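Residues annotated as domain 'Sodium/calcium exchanger membrane region' in TrEMBL: C:28-180, C:213-351. The transmembrane segment annotation in TrEMBL covers C:30-48, C:60-81, C:93-114, C:126-147, C:159-178, C:214-235, C:247-271, C:283-304, C:310-327, C:339-357.
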């Protein structure tokens, strides 16, 4: 991880991306530079968040980690909302969920499975995560089913989206209360593999002082906001230049770039046989997107004057449903092997080809 | 339970409801009085059924309990069929299933979970119930898929509905044979928690003599028939007065009133840490609705001259599918906590808002 | 098994079928004769394959068994493609999958369950098979969803079908590598019931010498090709004479005839309490159809000049989805009883009636 987050690379890519943007370089080059820069600053932001969380104490820290874990994606999405690119926002939500459940989890199980024959992980947590994910799917499906089968006004759709978003946020806050307060010990108890817990804890070990952590958090947030802006600015020209749909750009390009930091962390952990921690990152991240990022974006758009509804396209819903279904099927026995990782990747490729062909 | 079923309250609410009906009081008042009365007489009918079942011996008694357990709902539904309100009948079937799996089970797990950290229940029975519920969903989905994708006549739809209803009733009778004759000991064996079994048995302890039980069963049935008639009579004016759809009235108002007795029993048991028994009431009751009440109503409508088909609306099918899916997800690990109850309630609210907005 | 595969019956039914075909007997009679003959020669082909596989050594043998296990169905399907009967091909793929998962598995569990109260089988393998089956469903669903929700050209649909077929074949080959090379011992370990393994091994005990086995394999393949041709030739006249749809003929008649050998083998094993082996035949056979036969047929049609797409009808997709869902629900607890077999058969009948009514 050290290399990836080294200050030199962080600053150089950020500056190159800035120069590219203000000097008006070729769109493709701008896209490549800002993408690389987003990956580094998102990693920096993640590390700063963890460090601040460490000093904030267990409860507030857990809350910070859980809610700011997807800050980069949230900022990119808010910028897309400002541009009115609602379809791309929903595509990037879809892409983050399937990217975490199929690509990250798939690569982790595949790479880990090639090195270790069978890898075991926590079943109880997988079961609870599965039920949470089921709630998320239901919440995302109901508005679409409702809209497609009954003649309702746009206002009613937006009202329903706001209510559903509110229920999701309440459920997410209740989940934080459950996992960090009332059933903290229970969830810790069920993790059979002590070293996996240590692995996650170790990732959060702070290397900076308290004051420096807060400063870095502020700097990182500002940097993320800037590079995200530069990235979002070239998405439309890129989509025209290469004939790619908003759906494909949002669901694959934006989602992979925004989640790159988690991706590499999960795969590293899997290669160290810490598969519980890898599964937790992949599944936990997709849960945060569905239960927290998506509903927050609905409220953000509401306060920005034009409510984004939660009506996903059929292909997006099928992609999310399919990803949750196969990820649950594979994680529910609490053991993994390379073939299960390959199955997840096969589904990801099938969905990728479909989105590309649209 | 004593208070709820006390004779004085039973008679007073019944009489008030009768006076309201025959004196032509305000519709809203009539609706409230007959709703309260239905709850009491349904409780009385349930208790009388259990008492007669006790004297009828184990096998016949089990059969009586299993088939007359939803007598109040069956009577209300038959009255709705007589009025030609087929959409409301199907909505109330939907509402009973999701009400049991989401509201009753959700409140039980939530209330029980707040009092007891982790509650454990029987997994084997949950698995079998899950498979039965899957059959029920398939049976309810196939006619709708068939109708929506192929141009077939109304007569063919009714024929298919009758055949599917016949298969469901045969499956239900076979289930009674399986659980009460061939695998009686096996299912008893798998219930790890002896006290839960006692809890259910205790509920069935008769307080009346044999002759009195039979007499009460007859009286209760007559009372249910009357108050159901009064209730059904005001549903249409109420729907117009408050601008509620048939779908919402059937799926939420009628379903909650008709199942109130089971609801309170399940929550009481959960609060006594008898969660196996509470789960059995909630899941068992929804199974009876899907595998017995729904197909019986198809045959009743057939004999009344105009066959009701089993074609549910997409929103109803989604609601049933979603309820079964998340209830299975939550029960299959054999342990529950308050958060799982909250998830079920969250889904119930999302569905409730959707049905309300139609 | 001896009786069924006795040489006399094999030759007599083959000759009668040949005479019927060349003398131009009544279509119904030709259909009956060639159907019976297909069952015998498919059994003969299966036995010859196993015998050759035995001499080919473990790895190549396992591969031969796994890929030529559905040779009869493959040959019938190729002949249907030559006639341009693409709808019937896809219906027969659907029918093979649901026939194995509902009819064969249902009859095995039902018959075995009547004789033995509870039958236990391997859960780990069931879990892996379930995940594989989920991949197969996803692969079959995505092209149809894609086509129904976006305006794409026929060429794009065919391209998507070819890509999906390629991914399925790669996944299938990887599965063979996983189960026969990298995790061979692991999968053998998890089979708790040693005698079930012996049962499968015993079925594969060769009765013929090496040279004779190869000779028989060639003869059997030629015979299958001939009788399949005769059978396929009368399907259209039969469909007109009895007013049956291509869908029903493909999904029920062709599928049942083509799988008859597996059907009888699985039920025999269940009656000997070797339920693991029976489940493996039923589930394994449906996996082979979905992951190997279906994609191979796409490529065969491509090389024959007109690519068959993988777009199944909604009713077919619902049938496959429903079959996988209830089969997984029933097998995932690792124990079976007669009632679970009856549930599978109930679903098969509901689907059969639906397909018949189209």
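Glycine is treated like the rest: Cβ placed from N, Cα and C.
Counting same-chain residues at least six beyond the ends of the transmembrane segment (C:339-357), those with a Cβ under 8 angstroms from any Cβ of the stretch are 98-99, 101-103, 105-113, 244-245, 247-248, 251-252, 315, 319, 322-323, 326-327, 330.
Contact check: the transmembrane segment (C:214-235) against the transmembrane segment (C:126-147) gives fewer than three Cβ pairs closer than 8 Å, residues 6 or more apart, which falls short of the contact criterion.
Two recorded stretches are said to be in contact when at least 3 C-beta pairs lie under 8 angstroms, sequence spacing 6 or more; the transmembrane segment (C:30-48) and the transmembrane segment (C:283-304) fall short of this definition.
In summary, the transmembrane segment (C:247-271) does not lie against the transmembrane segment (C:126-147): fewer than three C-beta pairs, each 6 or more positions apart in sequence, are under 8 Å. The stretch in C:60-81, C:93-114, C:126-147, C:159-178, C:283-304 that contributes the largest number of Cβ pairs under 8 Å to the transmembrane segment (C:310-327) is C:126-147. Beyond the ends of the transmembrane segment (C:93-114), by six or more residues, the same chain brings 70, 73, 77, 250-252, 254-256, 258-259, 262-263, 266-267, 269-271, 273, 275, 278-279, 281-283, 285-286, 289-290, 293-294, 297, 312, 316, 319-320, 323-324, 326-327, 330-331, 336-345, 347-348, 351 to within a C-beta distance below 8 angstroms of the stretch. Residue counts for the domain 'Sodium/calcium exchanger membrane region' (C:213-351) under DSSP (helix as H, G, I; strand as E, B; rest coil) come to 116 helix, 2 strand, 21 coil.
Counting residues 6+ beyond its ends, the transmembrane segment (C:126-147) has Cβ neighbours under 8 Å at 157, 160-161, 164, 167-168, 171, 175, 187, 279, 283-284, 286-287, 290-291, 294, 309-314, 317, 320-321, 324, 327-328, 331-332, 334 in the same chain.
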